[in-house]
Structures are given as C-alpha cells and as structure tokens.
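To start, the structure itself, in structure tokens.
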Amino acid sequence: MGNIHIQTKSKEYDVYVGKESLSHLTTIVQNMQPSVSNIMIISDEAVASLHLQTVVDALQIDRKVFSFVVPSGEKEKSFENFYAAHTSALENKLDRNSLIVALGGGMIGDLAGFVAASFMRGIRFVQVPTTLLAHDSAVGGKVAINHPLGKNMIGAFHQPEAVVYHTPFLQSLPEKEWRSGYAEVIKHALIGDVKLYHWLKEDVQTLADLRDEKLIHILTKAIPVKANIVAQDETEKGVRAHLNFGHTLGHALEKELGYGNITHGDGVAVGMLFAIFLSEQVYKVNLAYEEMKQWFLKYGYPKMPSDLSVERLVQLMKQDKKANAGTIHMVLMQEYGVVNVVSIPDETVHIALEAFQKDMF
C-alpha cells in the first residue's frame, strides 16, 4: 500500500492507496476533531449496488449512517440532485459536525464535495473513489456541478479530510471506464512525469495491464503529479491550469456530443492529441504526434468525429473556464513535461482543428 501526503494552503491530508485501504476509514473518522456526529454517504445506483454495504460495514462506529443515492451518469451532476442532497441532509439532521462520504467516481466526488462545501457553509467530507478516473478528481478540492451551458461551472474549492483509494473497488469497472481513467494517467505523465510516460509505453500494452501492483504503481506516481501542482496553486490562479491539458477540446466534445455519449477520458484523449498537434505548429517542435496518435488508438481511444462542426466546437471552446474576454486559452506542450497556457486566436484554432479532424481519417 502507498500513502501520499497532500499539502495545500488550506489543508493537509493523506491519500491511502492499496488493497486494504478501506481498513483506514474507521480510524480516519474516529480521529476527526470535533467528533463526527453522523455520516451521509452519497453514491450512485451502480456503485451503491456493489459497494455501499461494504463501506457501511467498514464504518465500525457508533454513529448514524445513512445514504443518498442518485442515478448513474455525468448528467446527474445537476442542480436538481444537488438540491435533493441538501434536502436529504436536512431531513436526516446533518449538522456542522457531520461528515459526508463520497462513494463513487468523479461525478459523485464532485457532487458530494459541492454538497459538503455548501451545506451550512461547509462541512467535512472524505473521498472514497471507485474509478481510475477519480484519481484525478478526488485530489485537489475542486468540486462542482454542471450547468446546461457548461461543465463544472457552479462549484467551489473544498478539500477532503482524506482520500481512501480501495483498489478492489476498481475491479468491477467496465473497459470503457478503465480507458477513461487511463487518459488522466497519461495526462499526468505527459505534463509532469516523463519517466512515468516512458514506463506506461513499455509496461502497459493493453488496458488489462492496469491491475494489481501495476495499478498501485500508476496511482502512486500519477497522484503526486497533481499533488505537487495543487500545493503550488490551490485555487487555479496559475500553474494548476496545466492540469487542464487536453480539456479545452475535451469538454467541448462532451458538451456537443452530450454527457454520457462520450466518456470524460475519451474526450480528454482526443483533446490531448489535438493539443500536441497544435503545439507542434505553435512551438515549431517535434512531439512525435503521429507516434502518439497510434499509441492512443492502440488503447481504443476514439478519433474526432468527422461530422462535427468545427465552428461549433470553437464556440464551445470559448466557453472554457480558461478563456479570457472571449479568447481561447489552451494548455500547449513545449516538450514532454513542459506545458504552458497559451492564448490562441479563433482562426488559428479553427484551421488547426479542421486539419486535425481530417488527419484522424
């Protein structure tokens, strides 16, 4: 098992990674001061049916424990479910000393975290991720819900008390979710750990390799990349934006295709390829785009759909949180491990995106 210490200006906490990590949950709760009054577990239907009772049983503590379960899917990260969770919290008499446990993937972590951030102006919560993708979202304190006009547009910064990454929970994931989460692993390697990038190319030949000791190795290497960036910039005023590598186009694809019709990781994978494609032009460097494209396709990442309107995607990219005064800002790569936020004119993005779309076919 590997423990990772997270340090930010507002809070310090640990990420417990391994096959026995759930055994830490009771101790974490018992050691909290002031003492936890009661516990609300927020999960989704798919995860709850598999793991909710396991977590309840692991909480060997004399406190009221109740659950709030929403349907599965990114579209459920909505104001309606956010409001309903608050109603459930009030009906079950949560107070300022209560604890919320986020049991699920990134959608649940974001929703539950935002409920914790806003209920009575902020109560404590613990992340219990059940997907590979959540190795990114569970760490760093960004919590949010979606708006019909944009992803993660309503939210806060609210750090968890701990992250309990019990790797056996991941074994029930379908392949598309392994692929989705692996995209964020690749992102962390490309922007912050070149040695990990080369290790992935050598040691992860198929998604089936993302198991057991290799999985723990990946998590204990990828999470510190994010931790180091968050330690420098907790509230995304500077270098934390580097973690959005691949996300400008990725989020636009999610919005255009409809949440649930493309996974977050698949969108980010296409977005990273485009960022590398554009970076070669902007920086006049060779980043081995063709080799990278073949590597991504080997894992089953999608190509950019040929029937999507480039103009529509450009307009959606202008709604990205990094955009400033209607100008697209993208995270581009100077070299492996070195990225920057760059202002890109609409016309440049449009021309590059058209060329990229054609190159995919």
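Keep in mind that glycine also has a Cβ here, set from the backbone N, Cα and C atoms.
From the candidate list HIS166, HIS247, the residue Swiss-Prot records in the Zn(2+) site shared with GLU184, HIS264 is HIS247. Within the same chain, residues at least six positions away from HIS247 (Zn(2+) binding site) with a Cβ under 8 Å of its Cβ are VAL268, GLY271, ASP320, VAL331. For the binding site of NAD(+), formed by SER72, GLY73, GLU74, LYS75, GLU76, LYS77, THR130, THR131, LYS142, LYS151 according to the record, the largest Cα to Cα distance is 21 Å, rounded to a whole number. A distance of 9 Å separates the Cα atom of GLU74 (NAD(+) binding site) from that of HIS264 (Zn(2+) binding site). Listed in sequence order, the residues of the same chain lying 6 or more apart from GLU184 (Zn(2+) binding site) and placing their CB within less than 8 Å of its CB are LEU132, LEU133, HIS135, ASP136, ALA222, GLY265, VAL268. A separation of roughly 16 Å, to the nearest angstrom, links the Cα atoms of LYS142 (NAD(+) binding site) and HIS264 (Zn(2+) binding site). In this structure, the C-alpha atom of GLU76 (NAD(+) binding site) lies 14 angstrom from that of HIS264 (Zn(2+) binding site).
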